[in-house]
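Chemist: Have a look at this one before I ask anything.
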Amino acid sequence: MSTTRPRAATHSASSGSVSRSSKHSARVITQTPVDAKLQAEFEGSVHSFDYTKSIDISGDSSSVPSETVKAYLQRLQKEMLIQPFGCVLAVEEGSCAVVGYSENAPEMLDVVGGAHAVPSIGGQQQEGGGGGGGLLRIGMDARTLFKPASAAALQKAATFADMHLVNPIFVRCNRSGKPFYAILNRIDAGLVIDFEPVMPSDVPVSAAGALQSYKLAAKAISRLQSLPGGDIRLLCDTVVQEVRELTGYDRVMAYRFHEDEHGEVVAEMRRPDLEPYLGLHYPATDIPQASRFLFMKNRVRMICDCCAPPVNVIQDKRLRQPLSLCGSTLRAPHGCHAQYMANMGSIASLVMSVTTNENGDDSEGGGQQQPQNRRKLWGLVVCHHTSPRVIPFPLRYACEFLMQVFGIQLNKEVELAAQLREKHILRVQPVLCDMLLRDAPVGIVSQTPNIMDLVKCDGAALLYGKRLWLLGTTPTEAQILDIADWLLEHHRDSTGLSTDSLAEAGYPGAASLGDAVCGIAAARITSKDFLFWFRSHTAKEIIWGGAKHDPNDKDDGRRMHPRSSFKAFLEVVKRRSLPWEDVEMDAIHSLQLILRDSFHDIDDSDSKTMIHARLNDLRLQGIDELSAVTNEMVRLIETATVPILAIDSNGLVNGWNTKAAELTGLLADEVIGRPLIDLVQHDSVEIVKKMLYLALQGEEEQNVEIKLKTFGIQEEKGPVVLIVNACSSRDLEENVVGVCFVAQDVTWQRIAMDKFTHLQGDYRAIVQNPNPLIPPIFGADEYGYCSEWNPAMEKLTGWKREEVIGKMLVGEVFGIHRMSCQLKGQDGLTKLRIVLNNAMAGKETEKFPFSFFDRHGKNTEALLSANKRTDAEGIITGVFCFLHVTSTELQQALQVQRMAEQAAMDRLKELAYIRQEIRNPLYGIIFTRKLMESTDLSEEQKQIVQTSALCQRQLVKVLDDADLESIEDGYLELDTIEFTLGTVLDAVVSQGMILSREKGLQLIRDSPEEIKTMCLYGDQLRLQQILSNFLINALRFSTSEGWVGNKVVPTKRHLGSGVNVMHMEFRITHSGQGIPEELIKEMFVHNQDMFQEGLGLYMCQQLVKIMNGDVQYLREAGRSSFIINVEFPLAQTDKQ
């Protein structure tokens, strides 16, 4: 199927993250020249610039000269202007020689007016430099401008690979002692250092600026994490509220980028007297692609005064390229943006980027990838103020951390939305099948539900056999036929088309359709027949969030202003509909395939042969896999060096391996049959009870700590502490019959942890003890530097103690780069920061899932416990972290468990495949029968077709029985419809005719004449299923040349008030020795080893039981009988 998107040619549709990434890249490439054109027009004609007319998203970008685009990109990335509230130095790495500085740097850093020149690195005074250089000159040693301690701090920070981790550095000028925050970022020419003055009201931070900054956002982070899932609007409302409380701006907005790059204000907190912008949409040009690139590079962007004249940056003339200020916190706003802010009455702003994973998945692949390259810009949190405003860097850093947490929560919402989409697809499938069980294909437009229920649309149509069926808002019949002809002519090789703009897709008659139809999804079902879905223009979907623009206002539409942007967006989107989402196209494609199959002849014999072959392969493969899994499981349990214990459904121990016996001092013979509760410590009783209860319900808890009592020689060592994973044990019918606890002994780890956190004994002797029982331990001081790394951590990670001590724990030791214990992306880094900061604040974390890649790229899964570390006076001096890593044996046991689960899942998938393969020819049979019903038939022919229809409906009913548990437990919901008993018996007998003829059996019907027309209320198809199963079994176990009789004995009972109930005795008698006794037992008692015939008998017996009836099997001399007793209400009063 083809698809079109704004300003892109028609192309084949694809799905997945690769397709989305390609589409995004295409939009960026196409949008950038439009941005460049707009900027060029603004700079070329400031006073006559008409913003509304300049924005035309649908304009042709190919007309923009490449030189204009190149100049535009260079201008944005290489502009040498900064804001005046701070100053900039650019230095060479290593030597710290100045290669550039802002013109206000000499004055701000107090190096103007001194009597002595500042010596350079080589000991000589530098001349020149020009432009207000004073005593600050190109080539001088920048370290001499600051106090020795500050110079040393800058020198140390310059050695960090990721300077973001150590920003800001608190420094003081050498001459006046004036305090600054120094913010470093690395460029090709060296280092760019921003210096922001520390205000008297600020609380100066230490060298651990990043770590300290997180504390400022602790409350906001806790609130975000406590929000219920499934509500992105609430999440956005909360984050803007928290940012406004943190920063104090007049207006804070959450701004989301849509798939076509345009933006929308989805949440807002503002001063009451300000005009609301909530709900406004803005064209993509409002935030150019180059600016979005800068937002990805510099996640927080502050403009303190858009009206303040910018300051020029001077650089060494010997540099080949202009200094890049892309990462500078002081970079000046571009003229177009400054004008935009001024027009909307905003003087200061703070913009924070919100990024999410490209594919919406929290796991981002292996250790050899660069996770940061797989982020995308979801949107922005934008703050505006009506007067100049400066936010200190530590607080901005806290806001950036809050945005990272916000991004994690958004990822969770995206994953939840993906799950809901999958559920939607699963709900759509029965709808599709139901459509085809009716008048295919006309029923999908003439009945309810119809194709408009499949996807969101304004109208739909079916073109079939040169006839049209219309639903909702559609083009006229003549226009639809013209669209079909255009598709056949220009898209003859495609199975369909989807576009949000017929005009841009090239349809010549798009203008005549008006605004009612802009987008279309067309699916070809035959060579000349189509299904159509139509959507109107987007503008009607957009709601004004605030007061509508008053036409009497003298707002100049030529000025750049949010309302002007919104007006421009309305002009653009009235020619375009909402885009068709992937999940919608999947649903349309599924219906297309099923309909196309309905028009093809189906070879029943080939299908039957394929299905039987597949079933045989499935049976053999299943036996081999389950046998291998069982043998491996038994071997592992017997030889495992981790404790494994099993409990039955009554809570009694029925499994106890050697390791469990070793730890507790109790042999298996001593515990088998005893309640598990008797073997656990008092404080673990409720925990174990809850685990058992949930596991027996099928809910398996993981990583739960319990304590077992010890006996005999082990008793003096105290209780055994275990981390337990509960695994529900199931029979072949997926019934939970017990629980298996796979555990890890953490007794020594718990003892060590208690000693560390309470400062008992010589902790260093314990930490550095090479004893394998000591867990992996690492720690950080109050500044965030790694202060502990024990031998177990060395062995686990491959990194030596001397390689990590003194480095930043988050970012350098655990980071997203290869030269560290690499985490799975930025989200993993953010989560670790939250855990450590919570511990530093006194909030301990237990058993937090934690994974990283060791030095050799091997993934390590562990549970992390973080605890504060205090000195003798109780003052927090750092954090201790303990890792619980599952042993090899436990990992193998869990792997075997996963193998068993995978084998079961494979069986389910294979069964689903078989069901689908049966359904496809079944749909063809149903379609053929419906065609026969529409012809002139005799009464006998009509009865044959009716019997065939009942058999087909019974087959569909059985195929839909995905939940056999409901039948076994007696909770199945029965249908109650009026039916004629004679038609049921005809359908039952027809199912036995082939087998009876093959075996030469005589099939005898012995029922009163009134049975044929007797009308009853009940579940017709279930009764038909029961009787046909018993009849087939009777035929299968009858002797050749014998007979099978089918007798019905009705007995009417009066219940009063004109209500009559008919008691029916169905007796199916057959010659021979009868059905084997083992199968008859299986009909009444469920067991794990039953045959498929036994399972069928058992299910039918359960169905009879659900219908408040009973089944017997009576053996007599030379014959045996199924006797089924069940009652049905009469559908009409007996007149006789």
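The backbone N, Cα and C atoms fix where each Cβ goes, glycine too.
Quick caveat, the model's predicted, so the values are computed rather than measured.
What Swiss-Prot lists as phytochromobilin binding site is CYS336, and the listing cites similarity to another entry. Residues annotated as compositional bias 'Low complexity' in Swiss-Prot: 11-20. Taken from Swiss-Prot, the feature domain 'GAF' applies to 231-414. If you look up Swiss-Prot, you'll see 629-699 marked as domain 'PAS 1', on the strength of sequence analysis. Positions annotated as domain 'PAS 2' by Swiss-Prot: 762-833. What Swiss-Prot lists as domain 'Histidine kinase' is 913-1132. The annotation region 'Disordered' is assigned in Swiss-Prot to 1-28.
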Chemist: Measure the Cβ-based neighbour count of CYS336 (phytochromobilin binding site), defined as the other Cβ atoms within 10 Å of its Cβ.
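Modeler: 20, counting other Cβ atoms within 10 Å of CYS336 (phytochromobilin binding site).
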Chemist: Kindly assign the residue listed as 'phytochromobilin binding site' to one of the three DSSP-derived states: helix, strand or coil.
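Modeler: In the DSSP reduction, the residue listed as 'phytochromobilin binding site' maps to helix.
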Chemist: Average the pLDDT scores across the domain 'PAS 1' (629-699) and report the rounded value.
Modeler: 82
Chemist: Reported in the order helix, strand, coil, what are the DSSP residue counts of the domain 'PAS 1' (629-699)?
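Modeler: For the domain 'PAS 1' (629-699), the helix, strand and coil counts are 41 helix, 12 strand, 18 coil.
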